[in-house]
Amino acid sequence: MNPIVINRLQRKLGYTFNHQELLQQALTHRSASSKHNERLEFLGDSILSFVIANALYHRFPRVDEGDMSRMRATLVRGNTLAELAREFDLGECLRLGPGELKSGGFRRESILADTVEALIGGVFLDSNIQTVEQLILNWYKTRLDEISPGDKQKDPKTRLQEYLQGRHLPLPSYLVVQVRGEAHDQEFTIHCQVSGLSEPVVGTGSSRRKAEQAAAEQALKKLELE
């Protein structure tokens, strides 16, 4: 991989790996090599959840568990991680197999989100929990400063349903229109039909649930509720 690109990525991350092989593995999708990033992703997912939960616990001493859970879900969900990945220009650094390259995997939200989690796992193994915690807090500083308890933190499907129910409109319908990839690495495409919108909105995700949430979020944007 181009060392100039890698060095630029590490500057954007705010961390230089002592063991570059961990960085290479974190950037490697299953389609490219047997030494891929899924174990690092598993580790990073748990670390991210802990760090964000800990930050919210101390920032909001009077907020109940339900609101903290919703805020955490907002901060660690796939599209938030994909936003971070785009801020890092992560797509240009991914190691993908020929099929994923051809289908635009470097832009796919689920792959970008998974790679951010893998990088977190890699940084932890390369350093320690204190270092990776501070790094995550640096990445999330603006988002943590801006987030607040309340209805806005409910997941998109819940907010869309409550909006429609409040206006005595039919509930949205979700239809799976495409499933791509093998069992271990699928991408679902969902059409969401909503009263008040002339055409279905589209959502994609690595599971049906995530795709439905993505579609609901797009519907909320079209209804100008986001």
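Each Cβ is built from the backbone N, Cα and C atoms, and glycine gets one as well.
In the record from Swiss-Prot, residues Asp114, Glu117 bind Mg(2+); the candidate from Glu38, Glu41, Glu199 listed for the same site is Glu41. With a cut-off of 8 Å between CB atoms and residues at least 6 apart in sequence, the same chain places Glu117, Ile120, Gly121 near Asp45 (active site), listed in sequence order. With respect to Cβ neighbours within 10 Å, the binding-site residues Glu41, Glu117 differ, and Glu41 shows the lowest count. Annotation for Asp114 (Mg(2+) binding site): spatial neighbours Asn37, Glu38, Glu41, Ser206, criterion Cβ-Cβ under 8 Å with sequence separation of six or more. Excluding Glu41, Asp114, Glu117, which define the Mg(2+) site, the same chain contributes Asn37, Glu38, Leu40, Phe42, Gly44, Asp45, Ala113, Thr115, Val116, Ala118, Gly121 within 8 Å (Cβ to the Cβ centroid), listed in sequence order.
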